[in-house]
Amino acid sequence: DCPSGWSSYEGNCYKFFQQKMNWADAERFCSEQAKGGHLVSIKIYSKEKDFVGDLVTKNIQSSDLYAWIGLRVENKEKQCSSEWSDGSSVSYENVVERTVKKCFALEKDLGFVLWINLYCAQKNPFVCKSPPP
């Protein structure tokens, strides 16, 4: 059984949180709510996406367009290896982090079932998922 206020679906527990956080803070928050908790992961070819979309649609404020999910592009091993004209190496990480949309959210269009990539610093409501206690 899931804790009070959480919804059960195919052996996992889910909860929508309206408070807006950036992606990393939302992920940390989910891990503090329940043992094994994370921002929601969604199997693409399953009814889980409809369940989660429904959960968000029923609970989100009408003005909100996005809800974070637990997907983030990790590009650590693909650092660009360009060089400056004087031969010194370039690291783009400090530039890229702020300018590339690496974190994924559910998008309001079509009922929160489609994913969109956003800036990770953007603050959005989110869905946590955890195994039952």
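Backbone N, Cα and C atoms are what each Cβ position is placed from, and that goes for glycine too.
Per Swiss-Prot, the feature disulfide bond maps to C2-C13 (among others); the stated evidence is experimental evidence. Note: C13 (disulfide bond) has non-local neighbours C2, P3, W6, S7, A34, K129, S130, P131, P132, P133, i.e. same-chain residues 6+ apart with C-beta under 8 A of its own C-beta.
Under the heading domain 'C-type lectin', Swiss-Prot lists 9-129.
Per Swiss-Prot, disulfide bond is recorded for C30-C128 (among others). Listed in sequence order, G37, H38, L39, G70, F126, C128, K129, S130 are the same-chain residues six or more apart from C30 (disulfide bond) with CB atoms under 8 A from its CB.
Summarising the annotation, Swiss-Prot assigns disulfide bond to C103-C120 (among others). Neighbour density for C103 (disulfide bond): within 10 A of its CB lie 25 other CB atoms from the protein chains shown.
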Let me know how many other Cβ atoms fall within 10 Å of the Cβ of C120 (disulfide bond).
19
For a quick check of packing: other C-beta atoms within 10 Å of the C-beta of C128 (disulfide bond), how many?
24
